[in-house]
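Some features that TrEMBL has for this protein:
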TRANSMEM  9-27  transmembrane segment
DOMAIN    94-291  domain 'ABC transmembrane type-1'
TRANSMEM  100-121  transmembrane segment
TRANSMEM  133-153  transmembrane segment
TRANSMEM  173-191  transmembrane segment
TRANSMEM  226-252  transmembrane segment
TRANSMEM  272-298  transmembrane segment
Amino acid sequence: MLRYTLRRLLYAVITIWLIVTLTFVLMKNLPGDPFENSEKLTQEQKAILARQYGLDKPLSEQYFLYLGNVIKGDLGVSFQYPARKVTEVIGQGMGASMELGIWSILLALAGGITLGTIAALRHNTNWDYTAMFTAVAGVSIPSFVLGPLLSYFVGVKLKWLPPGLWFEPEHRILPAIALSFGTMAILARLMRTSMLDVVNQDYIKTAKAKGLSGSSIVLKHIFRNALLPIVTIIGPVFVGVITGTLVVEQIFSVPGLGKHFVQSILTNDYTMISGLTIFYSVILVFVLFLTDIAYGFIDPRIRLAKGKG
């Protein structure tokens, strides 16, 4: 297990290095420059700023300086906010983004497992059809479409929940629903399929033959074993939800990292774009690394198969 863990850790480090390198190259090939929107600056002032940010150095030297700073946790100073470091901006907006992501994941897990369980236990009934219709709708409607619809109908027309606020706990409901609906649908379909597969296993028939109660069979045998596929996709689910926060935050005016990311693109704030990309990438790679390790504990066959590769 130690060898497997070290190998996955090495893959994670290499992946992060490739992301940092690719991000640096892409940022250097974007059209325009970070000072082109500063119409009041003279050419001499722009040259001074370029020297201050190290943009006058050879590209290779800029790369190694940037790579060294990233290793030390220094993502540079924002062009958009000259007096603030990128890490400071990330620290300020990270709380709201993480909170929205966590609420969305919890809602997706609760809703998806519940819908899938109901659909499986009430197979080929109206409960099953309703649950699967909801799942199909969730897969079909992206968050950037569902978000404005919820904001308008639930927030503006019906006035049930206030849109565009982030002060009280109820202000998290609409953005969390918009962000989690698609993921919940995927989990519901997976849970239904998994439970129907477990129901037909021989050990379930043996449990019934022993006279165990229906609730005991469902809770101790069917439900617990059907959850294993859900556990194995927690990593990809987390990745999908966290990346989706960038769009949903803009729709509901969540004071997270999404607004900084969009604004940095509009203003050619290279350091902010690079910093946020690397920040999200490190989180996602770390989560996938933990998921890989969890796979090894859940199913040793995965560990052995990857250890031979």
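One-based numbering along the chain as shown.
Placement of Cβ uses the backbone N, Cα and C atoms for every residue, glycine included.
Quick caveat, the model's predicted, so the values are computed rather than measured.
Using a Cβ-Cβ cut-off under 8 Å and counting only residues 6 or more beyond its ends in the same chain, the transmembrane segment (272-298) has close neighbours at 1, 4-5, 8-9, 12, 15-16, 19-20, 23-24, 27, 66, 70, 75-76, 78-80, 86-87, 89-90, 228, 231-232, 234-236, 238-239, 242-243, 257, 260-261, 264-265, 306. Segment contact holds for the transmembrane segment (226-252) and the transmembrane segment (133-153), given three or more CB pairs below 8 angstroms at sequence separation of 6 or more.
Proximity of distant same-chain residues to the transmembrane segment (173-191), defined by a Cβ-Cβ separation under 8 Å and at least 6 residues beyond the stretch ends, is recorded for 100-101, 103-105, 107-109, 111-113, 115-117, 119-120, 131-132, 134-139, 141-143, 146-147, 150-151, 154-155, 161, 163, 226-227, 229-230, 233, 237, 240-241, 244-245, 248-249, 251-252, 254.
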